[in-house]
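Below: one structure, written as structure tokens.
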């Protein structure tokens, strides 16, 4: 039996790994939002009940998105390694993990955005149409604004999911809290590190959810988000 | 002024096409209020959606100030939409925008600069009596207030025509009054032509000059409300006028009179003085057996069931008819038999 790792060393390791996780998840969430929101808008617009119904485009995009969503993240991690290398010149470390994280999250965000936009009351959109609003204005001032709280919630859910995914990056030496928990905690049987990294990971996810809920509530002008 | 001509619209249904509008023609003179009524399924909503330019008819035209709007597309269609203000059915306000923000939407679409927009929004909120609610969100407003904001929004781009689709359907009678008062002001102060689609006869009574009855996609009756009232066989008369058969006018009582008839009286003078004068002039006993008084816009209107006794009963009745009272003879025999 080895000596347990001293707490101050555990602290240093966890702090550094937390930084990596926040970096990976933060950038990946941002990129996923940048890619997924426009994709979700297009999915909604082209749907049969959307503002510019295009059946074929909708079907094809929908299929691509669903296939993207159904691939397990661990598989994505491996499959994309060549693409990752071409993009960021490395396949290990936090920066390399951002690539599969983003690719995995874009279709996820797209579907969440599509369903958030679908929830916007048709009567409200039609009323805006009768005011002579252009399609761009309908998307920007009506759809996105009315669905604002739901969109914020979608991004929050995505970030929390990505925190979970990023833990899997430990498998390919991606760094971050998951990596720390698996390599130091599990494989070297270091209970202190395992405990600390799992606690921080959980706390991070919880804090992220809390923040997203708070923002969604703050921008929501409805009296209550709950409708009975 | 808005003119709808030969509007036809069908929807694909099970096997057969469902004909929602079957050659509807309708003309609303400038500055008047026209109500479109009819049973559910008659095509009212489809007509409203076509006029709102949300639905393209299969055939026919919709002209505002002489310009046909049906064939327009793209930018021209968007500009045309601002010539018809629409108060849609149900809750239609952006819930994430204030009352003022909602009213501003058409102005933003029209590209009006912010300072001019603010001034115009203030003017409109004043028109509908909601100046102090400018910063409130729809969820903080009552149903009637929300509907008045919708009216202000519909008027923002100064359209010459306003379409209101069931503007009172979700409101209680009291709030209905406030919304109708606003629609009435829109016509009288702004001279806007109003087309109001409704199943609520109170709307027709309160604000409509003209009324069109829609049935199975066709206009089966169209004219001035007051004219239709005195027209024999009109379908809406019954629903506009007070009921005549109330408790108290039992067949037994009816049988006591020489003549029993239903009279419709229109206008202050007729309602106020005609019946007593008829009794006095012809020296007959005249009793009101049922019915009541109502108001169409500013005009008092009454429908009574009267019983007349005396030698000159028939003469009194024709005297009433000569003075534009509409007389319908009650089926005397039945009353007689029961007595």
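Here the Cβ of each residue, glycine as well, is placed from N, Cα and C on the backbone.
Database features, via TrEMBL:
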- A:18-216: domain 'ABC transmembrane type-1' (DOMAIN)
- A:22-43: transmembrane segment (TRANSMEM)
- A:63-83: transmembrane segment (TRANSMEM)
- A:95-113: transmembrane segment (TRANSMEM)
- A:150-173: transmembrane segment (TRANSMEM)
- A:193-216: transmembrane segment (TRANSMEM)
Leading contact stretch, A:63-83, A:95-113, A:193-216 vs the transmembrane segment (A:22-43) - CB distance under 8 Å: A:95-113
Best-contacting stretch, by C-beta pairs under 8 Å, relative to the transmembrane segment (A:63-83) and drawn from A:95-113, A:150-173, A:193-216: A:95-113
Beyond the flanks of the transmembrane segment (A:95-113) by at least 6 residues, Cβ under 8 Å: 24-25, 27-29, 31-33, 35-37, 39-41, 43-44, 64-66, 68-69, 71, 73, 76-77, 80, 83-84, 87-88, 151, 154-155, 157-158, 161-162, 165-166, 169, 172, 174-176
Non-local residues, at least 6 beyond the ends, that sit with Cβ under 8 Å of the transmembrane segment (A:150-173): 21, 24-25, 28-29, 32-33, 36-37, 73-74, 77-78, 81, 91-94, 96-97, 101, 104-105, 108-109, 112-113, 116, 119, 144, 179-183, 201, 204-205, 208-209, 211-213, 215-216, 219
